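*Asks:* Residues or ranges marked as transmembrane segment by TrEMBL: 33-55, 75-95, 102-120, 126-148, 160-180, 192-210, 321-341, 361-379, 386-405, 411-434, 446-466, 478-496. Annotation source TrEMBL lists domain 'Major facilitator superfamily (MFS) profile' at 37-502.
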Amino acid sequence: MYASREDIGYDFGDDSKVGSKPIKPNPNIDGGWAWMIVLSSFLVHILIMGSQMALGILNMEWLEEFNQSRGLTAWVSSLSMGITLIVGPFIGLFISMCGCRTTAIIGGILNALGWILSAYASNVHYLFLTFGVTAGIGSGMVYLPAVVMVGQYFQNRRALAQGLSTTGTGFGAFLMTALLKYLCTEFGWRNAMFIQGAISLNLCVCGALMRPLSPKELHEKYVVRNDSEENQAKALSHSTETIKSNGVLGEEPEKKEEAANEEVLGSVQHTEIGGKSGSGRSMYGLRLFKTVSQLTITVRKGFALWYSSYFGAASLFTNRVFVAFIIWALFAYSSFVIPFIHLPEIVKQYNLSRQDNVFPLTSIIAIVHIFGKVILGIISDLPCISTWNVFLMANFTLVTCILTLPLMQTYIGLAVVCALIGFSSGYFSLMPVVTEDLVGTKHLANAYGIIICANGISALFGPPFAGWIYDITQKYDFSFYIAGLLYMVGIIFLLIQPCIQKKQSREKSTEEAQV
C-alpha cells in the first residue's frame with residue numbers, strides 16, 4: 001500500500017541506496033566526533049524546542065499581566081515557534097555562505113537577546129517584536145544547523161542519531177516546564193525570562209561544537225562502489241529522475257566556476273609572491289584584495305547553491321513527493337503545538353488543576369515523546385523496516401489522538417491520550433531522514449529548511465486560531481476537530497503522491513523494456 005523507504009530512495013535520486021557502501025569509512029562518520037554533534041544537537045533541542053513547548057506557563061502569566069484576549073496573547077508563543085521554523089529557507093542561505101558553526105553562534109546570541117529584552121515588556125505588542133521575532137529568528141539560526149550537522153555526520157545510523165538528538169525536545173519540555181514554573185513562582189515572570197536569556201547563551205557553546213567536515217571527509221562519506229553490473233544498470237536507467245531530484249544538472253557549471261575562481265585566486269597569489277620586494281603598503285593591499293576575493297567567492301557559491309535548489313533547473317519543487325511532503329507539513333505541526341499551549345487552560349476548565357499540579361499533562365507528553373523518538377528511530381534503522389511506513393503509522397496515531405482528546409474530560413483519560421500524542425509525535429526524529437531520502441544529502445539543508453518553514457506556518461496560525469475559536473464558542477473542542485481534519489488532509493497527500501509516482505515509474509520501465 002505504501003511506498004517503501006527503498007522505493008523513495010530509488011525513484012527520487014538517493015544514490016546512497018543503490019546497493020553500495022563507502023570504500024574508506026571515515027572514523028568521524030557514524031562515530032568519533034559525530035557523537036559530540038549529537039550531544040550539541042540534543043542541547044539545542046532542550047534550550048530551543050523544549051523552552052517553546054513550555055510556553056504555556058508564560059502564556060498564563062501574560063494573560064494575567066496584560067489582560068488581553070486569549071487569541072491575541074497566543075500570538076506571542078505562535079510567533080516565536082512559527083518564526084523559528086519559517087526562517088528555515090533563509091537560514092539555509094546563511095549555512096551555504098557561512099557554515100553551520102558561525103550561523104549557530106550568531107543565532108545563540110540573538111536568541112538570548114530576545115529573552116532578555118522580553119523581561120522589560122510593557123504590553124503584548126512589545127513581546128511580539130522581542131520574543132516573537134528576535135528570539136524566534138535566533139532560534140531558527142541555531143535549530144536548522146543542529147539538524148543538518150547530524151545528517152552530515154551520520155550515514156548508517158541516521159534515524160537513531162536524529163532520534164537521540166531530538167529527544168532533547170522532550171527532556172527540554174519536561175525540564176523547562178518545571179524550571180519556568182519555579183522561576184515564575186519565586187521571582188516573577190520578568191526575572192524568569194531574564195534568567196532564561198542567560199541560560200540561552202549556552203547555545204553559542206553548542207554552535208562551537210559543530211565542527212564542519214572537510215571536503216575530503218565529505219567525499220569519503222559519499223564515495224560508493226557498485227556491488228554488481230545489475231546495480232549499475234539500475235542506476236543508469238534511472239539517471240533522469242536522479243538528476244531532477246538531486247540537482248546534478250548544476251554540477252558541471254559549478255565546477256567550471258570553481259576553476260575560474262581558483263585561477264583568479266592563483267593569479268593574486270602569484271602577484272603576491274612576485275611582489276615581495278615591493279613596498280609593505282602594496283603587500284597589505286594585495287592581502288586585503290585576496291581576502292575580499294575569497295569572501296566574495298564563498299558568498300557567490302553559497303548563494304548559487306541556495307538559488308538553484310529553489311529556482312534553478314534542479315529545483316526541489318520538481319520532486320512531486322517532496323511537494324506533497326510540504327503540503328503535509330503545512331497542516332501537521334499545529335496539531336502538536338495546540339495541546340502544549342492550551343492544555344493548562346483546558347485543565348483549569350475541567351477543574352483538574354490539583355491532579356495536573358502533581359503530574360502536568362504537558363510533562364506526560366514530553367516524557368513519552370523522548371521514548372517515542374528513540375524507539376521509532378531504532379525501529380526505522382532495522383533493515384526489514386521502511387522508515388516511510390513507520391512515519392505514516394505514527395502520523396495516523398497522532399491525528400487519531402488529536403480528534404479524540406476533546407472527548408476526554410477526566411485526568412486519567414487525558415493522561416492516556418497525552419501519552420499517545422507524546423509517543424506518536426516521535427516521528428519528528430524521522431523527518432530529516434525522510435527528507436534526505438527524498439532529495440539527497442547535498443540539498444538537505446535547503447530541503448529541510450522548506451519543510452520546517454511549512455511547519456512554522458502551521459505553528460504560527462494554529463494556537464491563535466484555537467484561542468480565537470475559544471473566544472467565540474467558550475470551548476476548545478472545535479479547535480482540535482478542525483486541526484485534526486486538516487492534518488488528515490495532509491496525510492492523504494502523503495499517501496496518494498508516492499503511489500502515483502511509483503505507478504508512473506513502473507509504466508516507464510515497461511515502455512523502456514518494450515522498446
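Backbone N, Cα and C define each Cβ position, glycine as well.
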*Asks:* I'm a bit unsure how to read this: which one of 33-55, 75-95, 160-180, 446-466 has the highest number of Cβ pairs shorter than 8 Å with the transmembrane segment (321-341)?
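*Replies:* Maximum Cβ contact count belongs to 446-466.
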*Asks:* So which residues does the transmembrane segment (361-379) touch in its own chain, when a touch means Cβ under 8 Å and the partner is 6 or more beyond its ends?
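*Replies:* Same-chain contacts beyond the ends: 50, 53-54, 56, 159-164, 166-167, 169-174, 177-178, 339-340, 343-344, 347, 385, 390, 394, 414-415, 418-430.
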*Asks:* Considering only Cβ pairs under 8 Å, which range in 75-95, 192-210, 386-405, 478-496 makes the most contacts with the transmembrane segment (411-434)?
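*Replies:* Maximum Cβ contact count belongs to 386-405.
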*Asks:* Six or more residues out from either end of the transmembrane segment (160-180), which same-chain residues have a Cβ under 8 Å from its Cβ atoms?
*Replies:* 34, 38, 41-51, 53-54, 56-58, 146-147, 150-151, 153-154, 192, 196, 340, 360, 362-363, 365-370, 372-374, 376-378, 381, 422, 426, 428-430, 432-433
*Asks:* Report, as numbers and ranges, every residue of the chain located at least six residues beyond the transmembrane segment (126-148) whose Cβ falls under 8 Å of a Cβ in that stretch; write 'none' if there are none.
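*Replies:* Residues 40-41, 44-45, 48-49, 52, 62, 75-76, 78-88, 91-92, 94-95, 100-101, 103-104, 106-115, 117-118, 120, 162, 165, 193, 203, 206-207, 210, 432, 444-445, 448-449, 452.
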*Asks:* Three or more CB pairs closer than 8 Å, sequence separation of 6 or more: does that hold for the transmembrane segment (33-55) against the transmembrane segment (386-405)?
*Replies:* no
*Asks:* Verify whether three or more Cβ pairs under 8 angstroms connect the transmembrane segment (75-95) with the transmembrane segment (446-466), leaving out any pair fewer than 6 apart in sequence.
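*Replies:* Counting Cβ pairs under 8 Å, at least 3, so yes.
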*Asks:* For the transmembrane segment (192-210) and the transmembrane segment (102-120), decide whether they are in contact, meaning at least 3 CB pairs lie under 8 A, counting pairs 6 or more apart in sequence.
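*Replies:* In this chain the transmembrane segment (192-210) contacts the transmembrane segment (102-120) - 3 or more Cβ pairs sit under 8 Å.
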